[in-house]
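The (6S)-5-formyl-5,6,7,8-tetrahydrofolate binding site annotation in Swiss-Prot covers 23, 80, 120, 454. Positions annotated as domain 'TrmE-type G' by Swiss-Prot: 216-377. Positions annotated as GTP binding site by Swiss-Prot, on the basis of sequence analysis: 226-231, 245-251, 270-273, 335-338, 358-360. According to Swiss-Prot, the feature K(+) binding site maps to 226, 245, 247, 250, an assignment based on sequence analysis. Feature annotation from Swiss-Prot assigns Mg(2+) binding site to 230, 251; the stated evidence is sequence analysis.
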C-alpha cells in the first residue's frame with residue numbers, strides 16, 4: 001500500500017465507551033474536515049461540531065482537532081474526530097469518511113510508521129508506543145515513557161557519535177601512514193576504543209534490565225508427580241490457580257500464571273509430573289511439559305524432600321538431567337521442609353542453586369522470589385531506565401562482538417583497515433536500533449505488531 005494515501009482508523013479500543021476517536025492522516029485530511037464538519041477547524045484548537053453524513057444529516061457531534069503537518073504526530077496533516085464511543089456510531093462515521101476519494105483504512109501501526117518515516121520519532125521511540133500500551137506494571141510503563149521520550153535513543157546516539165569520532169581517527173591513521181607519529185600504536189585509539197566498549201557494556205546492562213521489564217522471566221516448575229509443583233505455583237501466585245490433591249498425576253496439562261516480583265514480570269508454568277505415561281492424555285501432557293522446559297529461562301526442579309536426602313540433581317534423577325539442555329539454569333527446590341524439619345534457606349551445590357522450603361505452608365517462598373529476581377540480575381531501582389526488546393539486545397551484542405574483534409586486530413597486529421571495518425559494522429548494528437539502518441522487512445515486522453489506529 002502507498003504511504004502517500006490518506007489513512008483513517010479508530011484510535012480507541014473497540015467496544016462501547018464514553019468517547020470514540022477516529023484519526024485521519026494524509027494530504028486529504030482537510031478535505032475530510034470540509035466534507036464531515038463543513039469547515040476546517042482552527043489548527044490545534046478544539047472545536048465542538050456536528051459530524052455530517054453525505055445527505056447533511058447529523059451522525060454525531062463531538063470535538064474536532066486539526067493538526068497541519070509537519071507539526072503533528074505523523075508529520076502529515078492530521079484530523080481527529082472525538083465522538084461518542086458507540087460501535088454503531090463510529091462505524092457509520094468511518095464509512096462516511098471511507099466513501100471520500102483517496103481514503104483507506106490504516107494498516108496496524110501505520111500512523112506510528114509514518115511518524116518514523118517523517119522523522120517525528122526514531123524506531124526505538126516508535127516501539128516504545130506499543131510497549132507503553134502493553135506495559136503490565138507501573139515500572140514498565142515508566143520505563144516505556146522514558147524510551148518514548150528518547151532515553152534509550154540518546155544512549156545509542158552517544159555510542160554512534162563516539163564510534164564516528166574513533167573511525168575518523170583510525171581512517172586518518174590509515175590514510176597518512178608516513179606521519180612521524182604512529183597513531184595506531186600511540187595508545188590514544190586503544191584508549192578511546194576501551195572507553196566506547198565500557199560505555200556499550202553499561203548500555204547492555206541497562207538494556208537487559210529493560211528487556212526483563214518488558215519480556216519477563218519464564219520459569220518452569222518440573223519434577224515427578226506429587227512433588228508439590230502445583231502447590232508451589234499456588235504459593236508464588238498467591239491464589240489457588242491449580243488443583244492440589246494427594247493423587248499423583250492430578251496436573252495433566254500446562255498451567256500458566258503471570259505475576260510480578262518487585263516490578264519484574266514472571267511467567268510461571270506448572271507442568272505435568274514427569275514419568276512413564278499411563279494413558280495418551282498424560283503422554284501428551286508430559287511432552288508439552290518437556291517443550292516448556294526446553295524454552296525456559298530457569299527450571300525449578302521440584303523434589304519431595306521426604307523421598308530422598310540427595311541435593312545434587314544428577315543424583316536425584318539422572319535421566320531428567322541427561323535430557324535437559326546443558327546451558328539451562330536449574331534451581332533444585334527441596335519441598336516439604338515442614339515435614340522433614342530441614343532448615344529453610346538457599347545454598348549452592350556444585351554449580352546448582354538449592355532451596356529448602358514448604359510450598360504448603362509458604363515458608364521459604366519469599367527466599368525463592370528473591371532468588372529468581374537475583375538470578376536474572378534484576379534490580380527494582382530503574383529510575384531513568386528504558387524498555388528494550390530482544391532485537392535491541394541482539395544488536396547490542398553484535399556491536400560488542402565487533403568491537404572486541406576490532407580491539408584484537410588493534411593490539412595484536414595494528415591492522416588499521418580491519419579495525420576500521422569492525423568499527424563500521426558495530427556502528428551499523430547500533431543504527432539498526434534507532435532505524436537509521438534498517439531493512440524494509442524489519443520495519444514491516446515491527447509496525448505490523450502495533451494496534452490499528454496507532
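Just so it is clear, glycine is given a Cβ too, placed from its N, Cα and C backbone atoms.
Sequence features annotated in Swiss-Prot and their locations in the structure.
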residue : record                                              : CB count, 10 Å
23      : (6S)-5-formyl-5,6,7,8-tetrahydrofolate binding site : 23
80      : (6S)-5-formyl-5,6,7,8-tetrahydrofolate binding site : 21
120     : (6S)-5-formyl-5,6,7,8-tetrahydrofolate binding site : 19
226     : GTP binding site                                    : 19
229     : GTP binding site                                    : 31
230     : Mg(2+) binding site                                 : 24
336     : GTP binding site                                    : 22
358     : GTP binding site                                    : 23
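Looking only at the binding-site residues 23, 80, 120, 230, the one with its C-alpha closest to residue 336 (GTP binding site) is 230. Separating the Cα atoms of residue 229 (GTP binding site) and residue 23 ((6S)-5-formyl-5,6,7,8-tetrahydrofolate binding site) is a whole-number distance of 49 Å.
Cα to Cα, residue 120 ((6S)-5-formyl-5,6,7,8-tetrahydrofolate binding site) and residue 358 (GTP binding site) are separated by 54 Å. With residue 23 ((6S)-5-formyl-5,6,7,8-tetrahydrofolate binding site) as the anchor, the candidate binding-site residues are 226, 230, 358, and the one with the nearest CA is 230. The CA atom of residue 358 (GTP binding site) is located 57 Å away from the CA atom of residue 80 ((6S)-5-formyl-5,6,7,8-tetrahydrofolate binding site). Over the domain 'TrmE-type G' (216-377), the average per-residue pLDDT in this prediction is 81. A helical conformation is recorded for residue 230 (Mg(2+) binding site) in the three-state DSSP classification.
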